[in-house]
There are 2 protein chains.
Amino acid sequence: MKIALLGYGTVGSGVYDLVIKNREKIRNKYNEDIEVIQILDRNIDRFKDLAHYNVFVDSIDKIINGKADIVIEMLGGVNPAYDFVKKSLLSKKHVITSNKDLIAEHGEELRKIARESGVRIAYEASVGGGIPVLKPLKESLVGNDILSIQAIINGTTNFILSKMYNENMEYSKVLKIAQDMGFAEADPTSDVKGYDAARKITILTDLGLDFKINWKDIYCEGIDNIDAQDIINAKNLNSKIKLIAFSKAVDNKLYIAVRPVVVKADSTLGKIDNEFNGVMITGDSVGEVLFYGKGAGKYPTASAVFGDIVDIIINKNESKIVLSKENYEFTYKYPFKSDWLVRVDSDDINKVTGKIFDIFSSNRVEITSFLSSGEIALKVSDINEYELEENLLKLKETGYLKAVKYFLIDNA
Amino acid sequence: MKIALLGYGTVGSGVYDLVIKNREKIRNKYNEDIEVIQILDRNIDRFKDLAHYNVFVDSIDKIINGKADIVIEMLGGVNPAYDFVKKSLLSKKHVITSNKDLIAEHGEELRKIARESGVRIAYEASVGGGIPVLKPLKESLVGNDILSIQAIINGTTNFILSKMYNENMEYSKVLKIAQDMGFAEADPTSDVKGYDAARKITILTDLGLDFKINWKDIYCEGIDNIDAQDIINAKNLNSKIKLIAFSKAVDNKLYIAVRPVVVKADSTLGKIDNEFNGVMITGDSVGEVLFYGKGAGKYPTASAVFGDIVDIIINKNESKIVLSKENYEFTYKYPFKSDWLVRVDSDDINKVTGKIFDIFSSNRVEITSFLSSGEIALKVSDINEYELEENLLKLKETGYLKAVKYFLIDNA
């Protein structure tokens, strides 16, 4: 197997190292020789001191027209990765990518091209970094109907939320620390707005629930509006706020979202802290299984890419037909009855409290804290998000409200 | 793919159900028809009310000489499973088994026969029930040198230890409760003595570290000598006692064991409670990844077996050569420096305390509790098990000791 790398940054050089390190092992185990024959970079001069400088090329055409059997794309972003990957597949080269943007945006089309060209496209590293998730989901759990996927799948936001929880600090302060420590990027938008997690959950939902949806169409709420008081309100319920990327199917209703969720501190998801990732998959046969680890980083990601190399070497028959559940009714708001943590700020907290009990008369409402600021936090039970919003709208119409916000509570 | 089931107990009927349920899905995805054509049972009369009674047979010869492509063995125990599986492989039938006794005892030989016969033997369900572990370890993490495997992999003992910890109860009382609740068998020997976990860790070590060893040759200590005071002594260190099945390689020293280990209550392993299983794998590239879930039960186990059916359908090239690390020096005692929780009962606790500081003069020793019974618990740091035992022997020779016991402490 001759390999071409697109990109020689952190992950690219990690993959190169693993190919060197494991070459003999793969020769022994699978009677297959693996070798990196080309590496694409725009500015190859900067690598001229490397012993393998001779394999660097500065044009994608040299790779497309070259002898590589596998092209490994680690450029990130949709362009020019999309073009390069498409050309590689059309030239009957297998493709491995760690690029979640690319797969979330163009996965279906690229898989179709791969099938038609008789090659494979693999992207284990796009979700959960080094933690094996996609392959176990697709292959080991194939006997299951997947009922739900709940994932803490963005290390940056989990680190920030953990620190806010542990040290009672405000979001902006923690973000700064995370940036200083290298856990958040200078422009943290994609992480803190939930876009990164949204891309990953659509990839998981596609593979697990056979449901294809553009990540931009799902409900996506980040963590940048969470303040220290929200964390305290959750603590009062023995809970933490976690940024959960999830999809859940009940009957033929399917809900996919990225949003902050109040989870019990001692629950499986509640115990996933700091920069750790966890993907919890519930299947009708297997029940709940969790895949957990640090995920990100040079060698963890390279480890996932390397697993895909071997997956191509073992040359298995891929599923030929892509199933898509047509009968799912996809909803943008949470359509199932649940509990909610609601925070209300009002000019007249007494009057608004009366109104709350009035408007939510058919739901259990429990005031969980009166805040010194004059706000109240309450837990509203057994209501879906449509009804909740409708009731909160009625509350707004009373004219007493200064502000209201709410979080889904997961009682599992 | 025509399938024959050996055994129609809990797991067997679960697998039957999953084959029926997933038949159309597999036809759609892999263009392959799966069908159970034979089921072996000694007493087939008891199934005569089943709609599929016609597929039951009472002789293995009918299966060996029959048309099945895959034989799924769920009889448990080594005999007659060993004979039946061997015959099936020799007749060029793929074999799937959930039988850890069989694989731990005869796995290497059976894999050799399978290779020579051009068929496969798969046994994902033998470790961790429904949790995907063996395949991710073997395939997804293939780019790693596996440095260690630490597993809580016996639900019965983890349930018992969790209940002892949470409710300060004695072992015998909790065992009784576990038996009443169906979490422990009437004869719990194989679980509580650690034999079940020992079989599983040798299977994991074989696949992960390429090291083959008979499970009977490894150090195996169960939980039946742990009393409420041991749990309290661990609690004093913010820790729990867990039955850990583990293997760990440093340089060329390899240690495999099943033994109670003192782990921090808030560590990854410490948070795995009740009947849950968790397998933590540390690879040199990926770092730590954890596979976690309930594991056992009818449909979880059937889910793993079904994953193996599809693994055979996708017809991948299996690793041809079985690697074995010849250069490992396998040790029966823990050869690495560690901390230990030591419990000493003595006729003269003052004198023995002096002797302890004397004998362990080159180690840090911290007395963690004086017990009302007159015993003491202490933490001895930075010493391997050989030196620890040597020192404890010297302590015994003083004549002051009534009893001594110790636990490995894992500070991770």
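Every residue gets a Cβ built from N, Cα and C, even glycine.
Feature annotations, reproduced from TrEMBL:
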ACT_SITE  B:K200  active site, proton donor
BINDING   B:L6, B:G7, B:Y8, B:G9, B:T10, B:V11, B:G12, B:S13  NADP(+) binding site
BINDING   B:K100  NADPH binding site
BINDING   B:E185  L-homoserine binding site
DOMAIN    B:7-124  domain 'Aspartate/homoserine dehydrogenase NAD-binding'
DOMAIN    B:132-310  domain 'Homoserine dehydrogenase catalytic'
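Here B:K200 (active site, proton donor) comes close to B:K100, B:A104, B:S126, B:V127, B:G128, B:A151, B:I153, B:N154, B:A245: these same-chain residues lie at least six apart in sequence, with C-beta atoms under 8 angstroms from its C-beta. The two recorded residues B:G12 (NADP(+) binding site) and the residue listed as 'L-homoserine binding site' have their Cα atoms spaced 19 Å from each other. Taking DSSP states H, G and I as helix and E and B as strand, the domain 'Aspartate/homoserine dehydrogenase NAD-binding' (B:7-124) has 62 helix, 18 strand, 38 coil.
Within 8 A of the CB centroid of the NADP(+) site residues B:L6, B:G7, B:Y8, B:G9, B:T10, B:V11, B:G12, B:S13, the other residues of that chain are B:L5, B:G14, B:V15, B:Y16, B:M74.
B:E185 (L-homoserine binding site) sits 20 Å from B:G7 (NADP(+) binding site), taking the Cα positions as reference. Within the same chain, the residues at least 6 positions away from B:G9 (NADP(+) binding site) whose Cβ sits under 8 Å from its Cβ are B:M74, listed in sequence order. With a 10 A radius on its CB, B:L6 (NADP(+) binding site) counts 24 other CB atoms from all the protein chains.
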